[in-house]
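So the structure is just underneath, and the comments pick up after that.
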Amino acid sequence: MEYSCFRLMLLAVFFFPAFVECRTRHYKFNVVMKNTSRLCSSKPIVTVNGMFPGPTLYAREDDTVLEVVVVLAEWWKSDTEAVVNEALKSGLAPNVSDAHTINGHPGAVPACSSQGGFTLAVQSGKTYMLRLINAALNEELFFKIAGHKLTVVEVDATYVKPFQTDTVLIAPGQTTNVLVTTNKNTGKYLVAASPFMDAPIAVDNITATATLHYSGTLSNSPTTLTIPPPKNATAVANQFANSLRSLNSKTFPAKVPLTVDHSLLFTVGLGINPCPACKAGNGSRVVASINNVTFVMPTTALLQAHFFNISGVFTTDFPANPPQAFNYTGSTPPTNLQTTRVWFMHCHLEVHTTWGLKMAFLVDNGKGPNESTLPPPSDLPKC
Ligand SMILES: [Cu+2]
């Protein structure tokens, strides 16, 4: 950023010596634990400068501001580490969250109607790009704004053929950029994030709300509401997923690899392992698997074990196909590996990752030093 600013300044000095003012703004962020209240209860969490969400950065005239970021997430009243530990001990799924959040705020919910929600201040007659991020741990979310269409232009850092929709579906770890045109003169409009789950699995069914607030609208004026899709709205989810098309224009061609060196077929699923200590799970625990293999977290780093030839940490006989053939409804696209590394692949639902829905690709050295792993640094901490 400083570099391009500097270049711009040089050009500007050359053409308009009197108008040059180019500034890189510096901010100081302290990441600290602090007691934070949500859902009318408080607990210590990681904060920036003691605030959650972090401090507001104010843009000044002539600053280049890129995007409005909207982070969707989940909130547990309990310590989240304790929730996971409890689940691992019992063999069952972890407790679902107590609320969803939009930029850190759940909005008014039945259990705590007093709390306010996030406000997105907008001006009439503009187009805003919302960068939606699903930072929830376990839930796919629907996202809607009352009275406004969303134009989806990008999903997971890939341009898509733009399409309009009322409702976006976004999975944990995904990002989706949408354009919103503020085509009303004034008013307040409800923004809603609610879960999608069409299997008989428990989810946090509390809708998070925020407000799209047009400038010039009195804060006590009524909010135009919207009803989120029901949690089992498969048709809404499919409609969204089926609308995703690559841009595939001359400028942005959709280049997919056409040659396949190794064909791998991965099936992912859940299974049950014996666990005598798991009382709540009746002596068994739920595990997640890829080709019927569940991942057990090593205590020695995989790359370290490979580099120093330490045996007993991992094996290299991972099956390229599932042990049993059944009626697959889709196939896994080929994975293209390029550099010498250990690649960790895991499910983006935290609960599935905890249960072992993860694997590591160990890629051997290629030709020459540029395609080889460097030795670990001499000050690598020893266990
Ligand atoms: Cu999963």
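We count from 1, first residue shown onward.
Heads up, the Cβ atoms here are built off N, Cα and C, so glycines get one too.
Residues or ranges marked as signal peptide in TrEMBL: 1-22.
The average pLDDT computed over the domain 'Plastocyanin-like' (31-65) stands at 87. The annotation domain 'Plastocyanin-like' is assigned in TrEMBL to 31-65 (among others).
Look at TrEMBL and you will find 68-216 (among others) tagged as domain 'Plastocyanin-like'.
If you look up TrEMBL, you'll see 341-366 (among others) marked as domain 'Plastocyanin-like'.
Across the domain 'Plastocyanin-like' (68-216), DSSP classifies residues as 11 helix, 74 strand, 64 coil. Counting only same-chain residues 6+ beyond the ends of the domain 'Plastocyanin-like' (341-366), those with a CB under 8 A from a CB of the stretch are 84, 87-88, 93-94, 137-138, 171-174, 268, 270, 286-290, 293-296, 302-303, 306, 314, 316, 318, 335, 372-373.
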